[in-house]
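Chemist: One structure coming up, written as structure tokens, with questions to follow.
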Amino acid sequence: MQKLQENDLSTSQTFKRLWPTIAPFKIGLIAAAAALVLNALTDSGLIYLLKPLLDDGFGKADTSFLKLMAVLVIVFIFIRGITSFISSYCLAWVSGKVVMTMRRRLFKHLMYMPVSFFDQNSTGRLLSRITYDSEQVANSSSNALVTIVREGAYIISLLAVMIATSWQLSVVLFIIGPVIAVLIRLVSKIFRRLSKNMQNSMGELTATAEQMLKGHKVVLSFGGQQIEEQRFNEVSNDMRRKGMKMVVADAISDPIVQIIASLALSAVLYLATIPSIMSQNLSAGSFTVVFSSMLAMLRPLKSLTNVNSQFQRGMAACQTLFDILDLDTEKDKGKYEAERVKGDVSFKDVSFTYQGKDQPALKHLSFDIPHGKTFALVGRSGSGKSTIANLVTRFYDINQGEILLDGVNVQDYTLSNLRTHCSVVSQQVHLFNDTIANNIAYAAKDKYSREQIIAAAKAAHAMEFIEPLENGLDTVIGENGASLSGGQRQRLAIARALLRDSPVLILDEATSALDTESERAIQAALEELQKDRTVLVIAHRLSTIEKADEILVIDHGEICERGSHEELLALNGAYKQLHKMQFNG
């Protein structure tokens, strides 16, 4: 059982882990980088042309050179436009591929996580990881990369132009460069921490909104609008405060860089007045090129400072995704597979405790369910009935003892094979936003014919409400069957189990959502379904399990009574008390 933890990796470590995801698309990166570098060179090239333009073109009134310059400007601008398109397209392609790959990888990983993981982590927070955090990765692999490569190449090319023109005036850059680098490194650490806080806040915001949307009827019924509004406002305000901290850090770093750069400009102007430098044939064109280059550096320096926050958001998002991907999926070490089991189920001294709980949910439980028999579990809420059903299918792994299926430990089966032998119909039915037919034949629609699906629906008395629908079995039922009643949804779940035809059937209060008339009809179908199968029934309504071969009364994780319906009534114990409560009011 795992709860999502936060690790603290450096930016380089995080990017090193992200690189294998980017590497398959590196051809796009290379093309984009080449285009960005060429784009930067055209900009710095235009500045470099100022020297001959001023010294030769205007200084010497060379009209032929001025005509050549006119052509060169057009060529440079054309190259700039082409390279801008290539870089934008290639980086959009790479970032889209990276985000898609990360989302697919995360989605697949979550599907194989144990049930205990979802007990410990909110759905809203996980949805935020799949949507918001994975999208943030695009910012680090595209927008930030555009700025880093292009502006970095631009600064380097401008520096080369300055040194080639007058290294004496350019030396001031080697003094301010390390100062700016230290500043950016300091701001990076601050942004990284603030970005992680922002991602956590987004998860909380999504979880809060999802909680209200899913429980909307409860909110309306109990007049909880003000409570939910207050809860959402608090989370929203917390996210706003954290966002403002990032803005403050960004706003402070930007003017500091600008001030340092302006000092460099002032230094260049001052150095130009020194006779020893003026005597080095410093022409008007040379000075204009150096000064213009330093002015031109202000924009890329500002961009590089600002992109740091964006890049750190992306790296922080990567880390939150890796936090999930580093968690272990369900333990599936079994090698045994059976084409079809008989269905003998045995619990041998089984004990189980939920993570974070002091008291065990089950204590030294032992019983055998022979093939073809129906065993029912009854007891008060929280006594451990549903836990027993979850252990058979290995949604949780036991702490002590063993559970056998046909004499083979369930731990020795592969998970997929074990679960093909078990059909579960629970109280909480989940249907998908798909057609009725696809929901009945979920995950195996190519395995069953249309006739088999119809037969299962008829056996579950579902065709009674399906046939009047305009599209019948091809009706799309909405998210979680929103267009159906509780009883109709339950009957589709029973039809799904009927179609699967597994030798072990687990009914976890399967008729709890049905009205009395529907329950009678379904009960007849369930009795037919239970023939030649091992059936474990968790029942709230005792009337549904009177014909069970044996009834186990569970109390505080232990079997306190067992026997047939008549035998347990004769004992005049816990079962008799439950029976009186239901039938005698």
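Backbone N, Cα and C define each Cβ position, glycine as well.
Per Swiss-Prot, the features are:
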type	residues	note
BINDING	Gly379, Arg380, Ser381, Gly382, Ser383, Gly384, Lys385, Ser386	ATP binding site
DOMAIN	30-313	domain 'ABC transmembrane type-1'
DOMAIN	345-581	domain 'ABC transporter'
TRANSMEM	18-38	transmembrane segment
TRANSMEM	68-88	transmembrane segment
TRANSMEM	142-162	transmembrane segment
TRANSMEM	163-183	transmembrane segment
TRANSMEM	255-275	transmembrane segment
TRANSMEM	277-297	transmembrane segment
Chemist: Any idea which of the binding-site residues Gly379, Gly382, Gly384 has the thinnest Cβ neighbourhood at 10 Å?
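Modeler: Among the binding-site residues Gly379, Gly382, Gly384, the sparsest Cβ neighbourhood within 10 Å belongs to Gly382.
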Chemist: Under an 8 Å Cβ to Cβ limit, what residues of the same chain, 6 or more beyond the ends of the transmembrane segment (18-38), are close to it?
Modeler: 79, 82-84, 86-87, 90-91, 93-94, 97-98, 101-102, 105, 137, 140-141, 145-146, 149-150, 153, 318
Chemist: Have a look around Arg380 (ATP binding site) and count the other CB atoms within 10 A of its CB, chains all included.
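Modeler: Result for Arg380 (ATP binding site): 13 other Cβ atoms within 10 Å.
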Chemist: Counting other Cβ atoms within 10 Å of each Cβ, which of the binding-site residues Ser381, Ser383, Ser386 scores lowest?
Modeler: Ser381
Chemist: I need the neighbours of the ATP site defined by Gly379, Arg380, Ser381, Gly382, Ser383, Gly384, Lys385, Ser386. Which other residues of that chain put their C-beta within 8 angstroms of the C-beta centroid, in sequence order?
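Modeler: Nearby residues not in the site list: Thr387, Ile554.
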Chemist: Under a three-state reduction of DSSP output, how is Ser383 (ATP binding site) classified: helix, strand, or coil?
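Modeler: In three-state terms, Ser383 (ATP binding site) counts as coil.
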